[in-house]
Amino acid sequence: MARKQPAAPPRPATATARKDALIPRKTPSVTASCNTNTSSPTAASTARKATSNPRPRPNYSPPKRSSSTPVAPRKHPPSQSRVSTRLRRRPAQRYDRFFHEHDDDDSPSSVASPSSISGGRDSFSETDSDAAEDERIESSMGVIRKKTAQRGTEGGTKYHCDVCSVDVTSTVRISCAHSACPEYDLCVPCFSEGKSSKNHDPRTHPYQVIEQNSVPIYTEDWGADEELLLLEGAEIYGLGSWADIADHIGGFRTKDEVRDHYIDTYIDSPNFPLPARADPHDTTLQDSIPKEEFQARKKRRIEERKEAAKSAPPATPKQKPTASVPACHEVQGYMPGRLEFETEFLNEAEEAVQHMTFEPGNGLNEKGEMEPEMELKMTIMEIYNSRLTARTERKRILFEHNLLEYRKNTAQEKKRTKEERDLLNKAKPFSRMMNHDDFEEFCKGLEYEHNLRLAIAQLQEWRQMGIRDLKSGEKYEQEKMQRAQRAIPQGSFDRLASARPKQAQQPDQPSAASQLTAPELPLRLQKATTKPAPETKPPMNDFDRMFASNGDGIDAAPPVKSKYVIQPLSGVTPWKLENDGAPDLHLLTKEEVELCNVLHMQPKPYLVVKEALLKESMKQNGSLKKKDARTLCKIDVTKTSRIYDFMLNRPKSLNCINVAGHAELHDVWEWFDAEPSLRVAILTGKGRAFCAGADLKEWNTKNTTSSGKVTTAPSGFGGISRRSGKKPIICAINGLCLGGGCEIIINADLNIASARAVFALPEVKRGVLAIAGGLPRLVRTVGRQRAMEMALTGRNVSAAEAERWGLVNEVVEVGQGDSEEVVSEKVVKRALGVAGAIAANSPDSVIVTREGVKMGWEGVGAEDGTRLLIETWERRLYEGENMKEGVKAFVEKREPKWLDSKL
């Protein structure tokens with residue numbers, strides 16, 4: 001009886017051959033009786049014995065199976081007869097143990113399931129003797145061997161004569177077609193002599209003649225026998241297991257060669273799914289290449305590859321296991337073969353859809369609307385897809401940043417200091433929006449910045465200790481470490497043990513920061529961080545005694561640098577920018593926020609002043625006087641913290657105000673009225689104009705595009721022309737004051753103008769109307785005739801004429817050669833003087849007095865205005881703290897200390 005086995009020297013003729021009863025063979029295409037003298041060799045025979053990888057596939061279980069293990073039936077040509085085999089009866093447990101003890105292959109082939117093995121036991125008679133049963137077990141167990149052929153060797157399916165054990169793989173053989181002796185092969189000499197073994201009876205059993213069809217049919221370098229082995233291997237191992245299929249074919253075929261041949265011949269064929277030369281009458285290749293020449297080429301190819309395999313270096317052992325099991329990876333629970341985790345993110349996501357079914361149809365009812373049940377299912381599927389997306393996104397981050405390389409990442413973490421690890425942990429959320437290279441560069445930048453800060457702090461400490469050169473700094477660090485490690489006396493005789501502060505643990509100086517401090521010195525700081533032996537105690541020197549708490553050698557704790565506390569200004573309530581949500585507050589440190597709160601300074605102006613001071617300080621080698629700083633920041637000593645100075649900063653547009661500017665100014669003056677620490681505001685412009693009115697370019701754009709009407713804020717032009725408010729605003733008019741700018745000053749409380757200022761209402765020249773509240777208020781200010789002259793002619797009014805009309809309180813004289821900046825400074829300085837005089841008074845009295853004057857200006861009768869003033873404000877004013885403080889200060893003959901107004 002012939003058997004399948006790997007390529008090896010044939011056994012002696014006396015050896016008893018065993019065959020595999022677990023793998024059914026394919027039915028021969030031609031059968032013949034021993035009594036006939038004619039036999040037809042077949043080219044389509046696919047009978048095979050055990051291959052170099054004899055492990056059976058699950059679908060190669062015995063014919064009789066349990067109902068729970070369905071198997072698709074094989075198709076056979078009509079001319080073939082179905083030859084069935086019987087499974088040798090043996091315990092399944094012993095089979096599994098024998099297989100696992102001897103199998104070390106990583107092939108995807110699997111063992112026949114126990115259910116399939118147990119299912120085959122039903123076909124045996126219970127009357128079999130024990131000896132026959134043992135013989136069956138021994139016979140079936142004998143063919144289960146591990147795969148001994150290596151990848152890329154000659155390998156392939158081997159056939160041996162079941163009588164003389166001669167290798168008949170590459171020659172003609174006689175195969176028995178009787179069901180009593182399946183897969184029984186004989187060589188031609190044994191068949192001609194009528195030899196037999198086991199249950200084979202040459203007189204009555206039919207047989208078939210099988211020869212090797214080693215001729216090209218599809219390509220010039222592949223024979224028909226190899227094509228059959230390729231298809232058979234694909235059926236056994238599945239497409240994709242190209243290494244196993246190559247071993248099944250043998251002849252030193254590689255997996256890449258097999259894959260490329262299959263794709264080129266069967267997939268990329270113009271006659272897909274058939275090969276290009278699938279026509280049985282197409283014998284072009286067979287006619288062009290004789291059989292002898294083709295076999296010679298095949299033999300020459302095998303010999304060349306065999307020699308190359310012998311001289312090739314040994315294969316490099318695998319560094320990591322490839323088995324897709326959770327225990328074979330650095331990260332517990334990760335399966336690399338499937339790119340999955342044992343417990344996925346949102347692991348229960350599939351529970352909502354695992355039992356969901358969809359009926360045929362589009363899910364719409366008679367009205368064309370989606371059924372409620374279908375809509376619910378689609379919603380659940382959308383939720384499930386979103387969870388899958390989140391799961392995929394997390395895997396993408398893991399793979400992108402190599403987070404699965406646990407050992408490598410852990411080794412890198414150990415090299416960092418605790419501060420560096422904490423810093424990088426805070427930066428990890430940014431990895432979601434960066435690729436790996438950018439994130440690595442970002443982390444390196446953070447580490448470099450951290451080390452720079454440490455190095456700068458160390459250099460500052462050296463400077464405070466009077467150290468001027470790097471070598472002295474190195475020595476200082478060494479002695480500092482020695483003092484930190486020197487033991488403090490302990491015991492019952494130590495009176496100061498309870499009172500003495502505990503020695504602070506000195507952090508190790510990171511090597512990266514130390515290299516930034518002094519990289520050229522041979523003595524490195526990291527060497528000083530090594531702890532000396534306990535028995536060695538260096539003697540104290542004069543430098544040590546300077547920091548000793550007493551004269552007996554007891555070390556004192558290092559001096560702690562006290563935190564600088566910003567003192568609040570007298571009579572000024574600090575702001576709370578963090579509660580108000582001030583813009584750009586995140587750009588400041590905690591100390592800078594505290595400073596801005598005390599100084600009543602917004603973050604952006606503070607940053608501008610800070611940048612200017614730092615640049616000037618660097619130019620002067622770190623020495624900057626207060627006078628120079630005051631000049632640089634244009635700080636006037638007459639300006640107090642009670643005055644709010646606002647500048648229109650659009651000099652190229654003559655400080656014209658657009659729609660966005662109106663809204664911003666409205667918010668500014670609303671905030672000014674609500675801020676209790678501010679009492680007076682000053683409004684001025686930058687350049688040669690105070691305000692030239694509305695932005696006519698924006699008007700023209702809106703008219704061209706028909707994008708709507710240009711609107712202003714409820715408080716009028718610039719938030720002032722129709723403003724009511726409660727605090728006074730002074731306009732420092734430095735230049736042109738036209739249109740809406742003129743309407744602003746008409747409703748302002750006080751106006752200080754330069755001699756170059758020009759006033760006009762030129763709306764009639766542009767076909768528009770001064771509708772921001774300026775016309776009726778202008779009549780009350782300058783009278784009807786002058787208002788008519790100014791509004792109807794649109795002529796320019798000089799500063800001196802405006803002062804005579806009562807439109808301006810004061811005109812500041814300027815020189816002929818003064819620049820625009822000088823003119824603006826003079827006007828603002830005078831306005832600050834007036835504002836300072838107002839701010840020096842009681843804030844409550846200023847608010848109420850302004851309200852009374854405003855009532856009279858707006859046309860309220862004298863008696864009505866007085867009555868309203870008394871009813872509304874008298875009680876609130878006289879019950880306030882400022883009224884009491886004013887009277888008390890007068891009696892005590894001192895300056896009053898006013899509180900912020902609560903009116």
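For all residues, glycine too, the Cβ spot is worked out from N, Cα and C.
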Feature region 'Disordered' in TrEMBL, mapped to one of the ranges 246-270, 346-370, 496-520, 871-895: 496-520
Distal contacts, the compositional bias 'Basic and acidic residues' (278-309) - CB-CB under 8 A, six or more residues away: 152-154, 214-221, 223, 251-252, 271
Residues of the domain 'HTH myb-type' (222-270) by DSSP state, where helix covers H, G and I: 35 helix, 2 strand, 12 coil
Secondary structure tally of the compositional bias 'Basic and acidic residues' (278-309) (DSSP, helix then strand then coil): 24 helix, 0 strand, 8 coil
The domain 'ZZ-type' (156-215) - residue tally per DSSP class, helix then strand then coil: 5 helix, 13 strand, 42 coil
